[in-house]
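Per Swiss-Prot, these features apply:
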type: TOPO_DOM; residues: 1-31; note: topological domain 'Cytoplasmic'
type: COMPBIAS; residues: 1-16; note: compositional bias 'Basic and acidic residues'
type: REGION; residues: 1-25; note: region 'Disordered'
type: TRANSMEM; residues: 32-54; note: transmembrane segment
type: LIPID; residues: C36; note: S-palmitoyl cysteine
type: LIPID; residues: C46; note: S-palmitoyl cysteine
type: TOPO_DOM; residues: 55-274; note: topological domain 'Extracellular'
type: REGION; residues: 55-150; note: region 'Neck'
type: DISULFID; residues: C144-C155; note: disulfide bond
type: DOMAIN; residues: 151-265; note: domain 'C-type lectin'
type: DISULFID; residues: C172-C264; note: disulfide bond
type: DISULFID; residues: C243-C256; note: disulfide bond
Amino acid sequence: MAVDDLKVKPMKDQPDQKSNGKKPKGLRFLSSPWWCPAAVALGVLCLGSLMTIIMLGMQLLQVSDLLKQQQANLTLQENILEGQVLAQQQAEAASQESQRELKEMIETLAKRLDEKSKKQMELNHQYLNLQEALKRMDNFSGPCPEDWLWHGKNCYLFSSGSFNWESSQEKCLSLDAQLLKINSTEDLGFIQQATSHSSFPFWMGLSRRKPDYSWLWEDGSPLMPHLFRFQGAVSQRYPSGTCAYIQKGNVFAENCILVAYSICQKKANLLRSE
């Protein structure tokens, strides 16, 4: 083969694709008459989408800021509410403490008032008793009538006339009294001292009679043992009875029909302290 045969043929010798009236397949869309409007529409769509995204992003930011602000407001309101609740709880606790202290104070005052009322009532009672005692003292002439001797709880009258025992008993009864009755060594000492300076005998309210001849006082009570000892003969018994008398502080027994002075006795009119 010759070298000339290897030379490249000029382009004109090659078949022209344009001349054949055929277009390349890859460039068919670009040459379409709808390409430009479609591109514009797509761009507008993309721009609208971008604007929508931007607007949505801005709205999202606004919503986020609003949510943050609302959250902050809620937190602030919650803190305020917690403070108010705490303050209310503290106020309730303080109120309860004040009520407790006030209740204790009222109870203390009521107790003091009750004590003062009781004391006032007691003072009023004492005042009334004092007034009553003063009234009694105004009308009080003494524990014993005139000419009577006062000793302890009793009054004693030494008679100025002599009678037998029964008549002496009647005289004492007429004075709302009885013949002398000795119940204690203290009473005995007073009578012994009162009669020690007189030589006259004085009937006592002590006698013994049938059937057992026991020594009995007018009211029927027996003589206390060892209270005093009889002087002289005491064993003799008389039909009219044996009666006791006291003379110069000593006690004797004699026939009741004999005459002697007497000692009457009755309760003293003592003021009673109430």
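Cβ coordinates are placed from backbone N, Cα and C, and glycine is handled just like the others.
The subset of recorded positions (C36, C144, C155, C243, C256) lying with their Cα within 10 Å of the Cα of C264 (disulfide bond) consists of C155, given in sequence order. Taking only the Cα positions, the spacing between C243 (disulfide bond) and C172 (disulfide bond) is 16 angstrom.
For the pair formed by C144 (disulfide bond) and C256 (disulfide bond), distance between Cα atoms is given as 29 Å, rounded to the nearest Å.
All chains included, 19 other C-beta atoms sit within 10 angstroms of the C-beta of C144 (disulfide bond). In the three-state DSSP assignment, the secondary structure recorded for C46 (S-palmitoyl cysteine) is helix. For C256 (disulfide bond), the same-chain residues 6+ apart in sequence whose C-beta sits under 8 angstroms from its C-beta are N164, W165, E166, S207, Y238, S240, G241, T242, C243. The helix, strand and coil residue counts that DSSP assigns across the domain 'C-type lectin' (151-265) are 21 helix, 39 strand, 55 coil. The Cα of C46 (S-palmitoyl cysteine) lies closest to that of C36, out of the recorded positions C36, C155, C172. Counted over every protein chain shown, other Cβ atoms within 10 Å are most numerous around C243 among the recorded positions C36, C46, C155, C172, C243. C36 (S-palmitoyl cysteine) sits 167 Å from C172 (disulfide bond), taking the C-alpha atoms as the reference points. Using a 10 Å Cβ-Cβ cutoff, C264 (disulfide bond) registers 25 neighbours.
DSSP places the residues of the region 'Neck' (55-150) in helix, strand and coil in these numbers: 84 helix, 2 strand, 10 coil. Confidence for the topological domain 'Extracellular' (55-274), expressed as mean pLDDT, is 88.
C155 (disulfide bond) sits 12 Å from C172 (disulfide bond), counting Cα to Cα.
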